[in-house]
Amino acid sequence: MSETSITSASTEKKASAPKKQKTPVHQLSPRAKMLHRALRHKGLLFGLFVMAIIVIVALFAPLLAGHDPYSQSLLARMKPPVFLGGTWEHPLGTDALGRDYLARLVYGARISLLIGLIAATISACIGTFMGVLAGYFGGRIDLIVTFFINVRLAMPVVLVALAVVALFGGSLLVVVSVLGLLLWDRFAVVMRAATMQVRKLEYVAAAQVLGASLPRVLIKDILPNVMNHLIVIFTLEMAHAIILEAALSFLGLGVQPPTPSWGLMISEGKEMLLFESWLITIPGIALFFLVLSINMLGDGIRDVTAPEGRN
Amino acid sequence: MTDPILTIKNLTVDLPEGGDRPHAVEKLSVDIAPKEIVCIVGESGSGKSITSFTTMGLLPKALKPSTGEVIFEGQDVLKLSPREHAKLRGSRMAMIFQEPMSALNPCYTVGDQIEEVFEQHTSLSKAERKAKTIKLLDEVQLPEPERIYSSYPHQLSGGQRQRIVIAIALALDPSLLIADEPTTALDLSTQAQILHLFKELREKHSAGIMFVTHDFDVVAEIADKVVVMKEGKIVEQGTAEEVLNRPKHPYTRKLIDAVPRRTGSVNAHMTEKHKVMEVLGLNKTFHTKGTMFKPSRTVHACKDINFIVHRGETLGIVGESGSGKSTLVKCLIRLEDPDSGSVIIDGSDIAQFTPKLLHPYRKSIQIVFQDPYGSLNPRRTIGDQLVEGPINFGEDRAHAMERAKKLMEIVRLEQDALYRYPAQFSGGQRQRICIARALMVEPEVLIADEAVSALDVSVQKEVLKLLNEIRDEMGLTVLFITHDLRVAAQICDNLVVMQNGEIVERGNVDEVFGHPKHDYTKKLLSAQPGQNWNVPDISKLPPVDPALLDQALNQPMGAVR
C-alpha cells in the first residue's frame, strides 16, 4: 500500500500543477496567501497608511489638537497658518471666529469617519440582506427586491437627502440615517449577482444534502464567499457617504455649526476664497486624502482577495 | 517519407520564477509530416497545451521559449514578429479548441465567422466567400449548410459547433492543424463522428495534424504517431502501434494500465439481497414559460423511472448529456421535487416529504459531485466542512472530529488535512475529501455524480479503487452516474441506460455491454473509440529497460516541487 500511496500522492501533486501559470506559493492557507499578496500591493499599503494616520488622529484628537475646537477668540481671527507666515501658537491658523483651525480639522476627522462608517454599515446591512435573499431564492423575492432597487435608483440621492434634512433638521443623527438609508443600492445589486453565482456551486448543494438549515447555508457557505465583494463596496460607499456629508454640510443642510466638520469648514471658508484660500484648501486636502485612501484600500482589497479579477 | 511540415527541435519554454518546475516544456523535439496525425498525450500539467500554444504563437505573456526552434514550412516561427505570426495563423496553421461552446462568438452568425477568415487573408468577393463557406459547411458534414450558414452558435448543438470550429480551421486549407482536446467536451456519439471527420480530413487534405489529448482510446482510434509527455518532457514517442501495444517507459505503461477496462464479472462481493432503495414511477417535467416570441415548452427530464438498488451493489446510470441522469439525481437527493412517483428508502417514501420530515432521511443518501473545484467551500477548512453534516444532525463537534480523522485515513489523506483549506489540494485529493464528507453521516446510499469525470486517468483509477474498497468495507450502496462507458464497465455491477429521460435498457454489466438489446445502447457502444485496440496487459510486457527505470527513479516526484 505504501507504494501505491506514494505514486498516487505524486500524480496528484502533478495534477495540482495547472497548465496556466498560477501563484507558485505552495501549501499556504488562503489567508497566508492573501497576506503575501497584500504586502506586495503598493496601493493597498498606501491606502492603509494614510487611513491609519487619519484614524489615529481622530482617536487621539484631544491630545493632538492643542486647542478647544469650539473656543472663539475675536482677537485672534484669521491668523494665517505657519507656512504662510503665522505662528506656532496656531499651526494651521484660525478661522473667522478665531477658532484654532488645526483643532477643528482634527475633530472634524472624527465626524467624517463616523459618518462614513455608520452610514456605510447601515447601507451594507440593508443591501446585503436584500441582495443575498434575492440572489439565493430568485423568483418572486428577486422580483420584489429588484423593484425596490429600481425605486431607489430612481431617486436622486442629494435631492432626497436635502429634502429630508430640511424637514427634520440637520443633526448628525439625521444625516447619518438619511445617508445610510439611501446608499444601499450598490450593495444590493452586487450582493445579488454574487450570491447567484455562489448559489449554483456544488458545495451549496452538498451542504443542503448534508441537512444544513437555510440560515446555516447562508451564513457559512454564501456570506463568506461574497464577503470580498462586500468589503470593496463598503469602502466605495464609505467614501461616497463622506463626500455626500461634505456636500450637504457645504449646502448648509448637513452637520450644523458649530460642530467641526470638513464640509462645514469648506462652506464657512467659501466667502474668503479669494483672500484666504487656505481656509478651503486645508479641509479640502484632508477630505481628498481620506477619500483617496479609502478608495485605494478598497481597490487593494479587491486585488488581494480576488486576484483573478484583475487585468 | 516526405519532409515534415513542422519540426520542433529542442524546445524549452520557461515557467515564471517560483513555478512548480523551472520549465513548462523541456527539450522537446517532434516532427509532423503531411497527412499524419500526431497525438500528444499526457495528464494535466504535462505541458501538452503549452507545446501547441508555442507553435501557434499564443503563449501567455509570462511564458517565453528560451531555447530551441519551431520550424514551420522552412522558417523558425519563434523568430517571427507577432504580426508575421498572425499572418500564418488561420491561413497556414490553424487551431481547434476544446470548448466549442466558448470558441465561437455568440454575437455573429456562424457564416459570418467563417467568412471572416477569408476576409482577413484573401481578397475574394462577397459572393465567392459565401460559396466557399457553404462548401466548407458541406465538407464538415453539416446538414442543410444554407440554414446553418445563417444560424447563431447558440442554435447549434455542441457537435455542430465543433464542426463549425473545424470548418473555420480548414477554411484556407492550412498545412498544419492543431487540435487541443477537440472531443473532450463532447458526447460519446458526437465524439465518434468528429474523430471520423478527422480521419477523413487526413485523407482529403495534405495537412499534418497535431492532436492533443489525454485519452488513450482516442489515440488508439486516430493516431499515426504518439508522443507521451510528462512534466514538460517527452518520455516516449513512436508509431501508434508501437507505443500502444509495446510501451517501453514505465510512465506510459502506468497510463495505459490506468485506462478503464471491463474487468469481468464483479458480482462476487454481493452476498445478501437486501433492498436499500427503490424508485417507482418517478416523473419530472420542466416547463418553460412562453413569451411573445417563444412558444412554451415542456421537457420530460424523467419519465417513469423504476429501479431497485440492493445493499453492497454499484448501480451505474449511463447516458449522454441531456438524458436526464442529473435531474434524476437531483430528485433522489431532493434538491428538485419530483412531480410524481416514489423514492423508498428505509421503508419510507421520501419523494413527497416536506423539508422537515425529510431532514432525518437526508443522512441516508449522500452525494459526491463532479466538479472537484466547485464542491468544497474555499473559505472553510476541510475539518469544518466535514463535521458540518454530523453537527446538522445533532452530534457534538469533538465527536464528529474524531470520525473525520478516521475517515481521512480511509480516504488516504493525512490528518492535518483537516486544518487546511481546499485550495491546498489537487483535484483527486479534493474528490477524496468529498467522499469523506459524504461518508461522515454514515449514509446507506452514496451517489457519485460523474465523480471521476474531471480527473486524470491515473487519479481516476485511484479514486475508483477507493470507492470500491469503501463500498465493500462499509456495506455501502453506490449509485454511479457517468457518461463514460469504460468507467461504468469497470466499477458497476448493474447498469441502467438512460435516453431522453427514460430507462431504455437495464441488466448486469455483462448483459448490457455484452449483448445490448436496445438500439441506443448499441449505438453508444459502437461509438466508443479505440475498439480495435486490445489494451496490452502491462504485467506481461517485457521488463522495463533499466536505463529508463533509472531515469524515472532519478526524477522522483520531488522534482515537481
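Cβ atoms here come from the backbone N, Cα and C positions, even for glycine.
What TrEMBL records for A:1-10 is compositional bias 'Polar residues'.
Feature annotation from TrEMBL assigns domain 'ABC transmembrane type-1' to A:109-298.
Feature annotation from TrEMBL assigns region 'Disordered' to A:1-28.
Per TrEMBL, the feature transmembrane segment maps to A:43-65 (among others).
Residues 54-55, 58, 144-146, 148-149, 172, 175-177, 179-196, 199, 218, 222-223, 226, 230, 233-234, 237-239, 241-242, 245-246, 255, 259-262, 287, 290, 294 of the same chain sit 6 or more residues outside the transmembrane segment (A:111-137) yet have a Cβ under 8 Å from a Cβ within it. For A:111-137 (among others), the entry in TrEMBL reads transmembrane segment.
Sequence-distant contacts of the transmembrane segment (A:157-183) (same chain, six or more residues past either end, CB-CB distance under 8 Å): 111, 114-115, 118-123, 126, 237, 240-241, 244-245, 247-248, 251-256, 259. According to TrEMBL, the transmembrane segment annotation covers A:157-183 (among others).
What TrEMBL records for A:231-253 (among others) is transmembrane segment. Here the transmembrane segment (A:231-253) has long-range neighbours at 111-113, 115-117, 119-120, 123-124, 127, 157-158, 161-162, 165-166, 170, 175, 179-180, 183, 186-187, 190, 261-264, 266-267, 270, 287, 290-291, 294-295, 297-299, 301-302, 305, meaning same-chain residues at least 6 beyond its ends whose C-beta is under 8 angstroms from one of its own.
Annotation source TrEMBL lists transmembrane segment at A:273-292 (among others).
Counting residues 6+ beyond its ends, the transmembrane segment (A:43-65) has Cβ neighbours under 8 Å at 100, 102-103, 106-107, 109-110, 113, 286, 289-290, 292-301, 303-304 in the same chain.
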